[in-house]
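Residues or ranges marked as S-adenosyl-L-methionine binding site in TrEMBL: Arg90, Gly121, Asp142, Leu187. The annotation Mg(2+) binding site is assigned in TrEMBL to Glu188, Glu191, His192. Sequence annotations record features per position, and here TrEMBL assigns region 'Disordered' to 31-58.
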Amino acid sequence: MALNVTIHRILRHRRFLNSANSTLHLTNTRCFSHAPSPSPSQSSKANDKDPHSGSSSLKDNELAKFAAISDTWWDSEGPFKPLHLMNPTRLAFIRSTLCRHFKRDPYSTRPFERLKIVDVGCGGGILSEPLARLGATVTGVDAVEKNIKIARLHADLDPTTSTIEYCCTTAEKLVEEGRTFDAVMALEVIEHVANPEEFCKSLAALTNPDGATVVSTINRSMRAYATAIVAAEYILHWLPKGTHQWSSFLTPEELAMILHRAGINVEEMAGFVYNPLTGRWLLSDDISVNFIAFATKSQNAI
């Protein structure tokens, strides 16, 4: 079955995205406040049940890998530096696609007002926080308890982000609880799960009918092996060695088919390319290495 995927249709809005990219650098900046430490009642809003109980698509070795460096999530020069650099570009894509899908004003300072968004595999919250600043009601989930603790502490420094609901749990557990959202984010996560098909079924179940799902990952290409593993991990040392396994990457076609079988259809894809002269990532139609997909769930989907 042919999948009608528009590769980087967003290129038509390059001028807006490039300007939004610059603006979102500010959105991603920490704004300190004198917000008090979370009270026990505030902390109790998070689900701290064992995320490993029941069905799960997680890999234990991947959880241990990220738990070991969880204290560095908000160190922009640490192991997560590539994500900090890429975050404004990821947000530009998310902002454009969600605004178009939900008919919101992309130039509004808070275009995601009244939208419920879940950030699956939220880590320390570097995506959850700017989504909250854009007006969304955000739930961030991660199976690594240390990640959730870091995310809560950082979010509580700013009243705008202190409303984020952080839960140490999994997408599968949220499905069991009957949770659903207007938009589901899973960025740089699927390459670390044991069963991408089951993971995508969970993402689909969490997505409201007529809702949106955004997934980003790395292409299983030789160019990706050379840049995302050899260069990034062993030459430039941007990432700890062993962060990625090339065999766990998915091609854009594979991701689109897996999502389609789960009941959500990819409508748009874009690539991320790094400019070493500016030190910034840009949206591109080159999906040979890093890419992001926007998908929707039809109203009559179960």
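Using the three backbone atoms N, Cα and C, a Cβ is placed for every residue, glycine included.
Those TrEMBL annotations? Automatic predictions, nothing curated.
From a predicted model like this one, the values you see are computed outputs, not experimental measurements.
Mapped onto this structure are the features recorded in TrEMBL.
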residue	record	Cβ within 10 Å
Arg90	S-adenosyl-L-methionine binding site	26
Gly121	S-adenosyl-L-methionine binding site	24
Asp142	S-adenosyl-L-methionine binding site	28
Leu187	S-adenosyl-L-methionine binding site	22
Glu188	Mg(2+) binding site	21
Glu191	Mg(2+) binding site	20
His192	Mg(2+) binding site	22
Alpha-carbon spacing, Glu191 (Mg(2+) binding site) to Asp142 (S-adenosyl-L-methionine binding site), which is rounded to whole Å: 15
S-adenosyl-L-methionine site span - longest C-alpha distance across Arg90, Gly121, Asp142, Leu187, in Å: 19
Residue pair Arg90 (S-adenosyl-L-methionine binding site), Glu188 (Mg(2+) binding site) - Cα distance, angstrom, rounded: 11
Gly121 (S-adenosyl-L-methionine binding site) and His192 (Mg(2+) binding site), distance between Cα atoms, whole Å: 10
